[in-house]
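Here Swiss-Prot flags 71-99 as compositional bias 'Basic and acidic residues'. The domain 'mRNA cap 0 methyltransferase' annotation in Swiss-Prot covers 156-464. If you look up Swiss-Prot, you'll see 165, 166 marked as mRNA binding site, on the strength of sequence analysis. Here Swiss-Prot flags 197, 203, 228, 277, 359, 456 as site 'mRNA cap binding'.
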């Protein structure tokens, strides 16, 4: 990483090099002759998906042996408590992969010609039942997650990984709110889509917004989110805090506009963190999610979020000898290789103590194309590595990384031990120390944690005038 100070942050030599995606996968517009969203020819898009994956896979094979990932920012981790309470059940998706240098070519994609379902009433009854079953499973999973205090979270194996993801979100949210303030200084309204237990409430307070609508499928999570909000208000009697409403709904099947207290409400920002991929079970659900996210945005408003990178997931899957990959922190299991439909491409994801629920692959060029229906333009899409490398150059962002304990101290303090006991999980930090003249300690993520978080990307769309 670049920056005035130096530190080793998860410089994983086996993790995939960033910035090698083909144009269609890197957040750029699709070819101008691509049909409108509602008229997208699915077999054609499916073919483009396959071609993109093959190109992506080839570029990684060429680059991975010679490129060493080095995240270098020198951080001394001193605080014992994170300034930003991210929430124990925020949708932190994480994947990884010990990827070999000789990756097999991708299998043939399913080219079955079938039309996109334009309306809910055209979805076969059997499919509707399957979707209802999956939605119930997602809601049940997040409802069953227990609230965990700060002391307990600090003992978690993924404590730093979750803080790192939380830092990514903090920077993303903060910068987008600053963009909004360039055109309006008051009455900023936000929709938090898939808000979970309210892990981003503190971010919205710090962002000095005026009004927040939280929506999530899990009713117990929503009650906990509302309680967090009430607790926040009680702790800050003399400080203005945004008004809020809380909606329990499946945001991929129900229209939120029908549930708003104010049916004429519009938003400046919609944030969907680690959640939009659940909607890609079907075209109808993905479109409903986008309608909720973008349909009520003001001109110049933003749809922001984080989601798994489909190219990285498939790359690691194809490099695996089985239908699954992962490490001691997380696992991802697909049903089979070589068949990656645009919708309903399910995989099972497990993250230590946080997530254990089916998810769906999001082909980002398709998401970009579908968003055009709501007059949305992609303004950027970056991997977590690319986002980190860019934002860590700012000293304020660097200090926030420290305050949030988003990196682990290496070497460990004499009275403590490293988060991972796995052999080789800190070789990147040890090697960096040998090669660099830096003062100790360093801030880093273990190799296992970096393998998990490095499959994610950050995105931002803007509502056109």
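Note that Cβ sites are derived from N, Cα and C of the backbone, with glycine treated the same way.
Across the fold, the C-alpha of residue 203 (site 'mRNA cap binding') and the C-alpha of residue 166 (mRNA binding site) stand 10 Å from each other. The CA atom of residue 277 (site 'mRNA cap binding') is located 12 Å away from the CA atom of residue 456 (site 'mRNA cap binding').
Just so you know, the Cβ of residue 228 (site 'mRNA cap binding') picks up 19 other Cβ atoms within 10 Å once every protein chain is counted. Residue 359 (site 'mRNA cap binding'): 26 other CB atoms within 10 A of its CB, across all protein chains.
All chains included, 25 other C-beta atoms sit within 10 angstroms of the C-beta of residue 166 (mRNA binding site). Spacing of residue 228 (site 'mRNA cap binding') relative to residue 456 (site 'mRNA cap binding') is 27 Å (Cα to Cα, whole number). Using Cα positions, the member of the recorded sites 197, 359, 456 nearest to residue 165 (mRNA binding site) is identified as 456. Under the DSSP three-state reduction, residue 197 (site 'mRNA cap binding') is assigned to coil, being neither helix nor strand. It is 14 Å from the Cα atom of residue 197 (site 'mRNA cap binding') to that of residue 166 (mRNA binding site). Mean pLDDT across the domain 'mRNA cap 0 methyltransferase' (156-464) comes to 95 in this model. A Cα-Cα distance of 13 Å separates residue 166 (mRNA binding site) from residue 456 (site 'mRNA cap binding').
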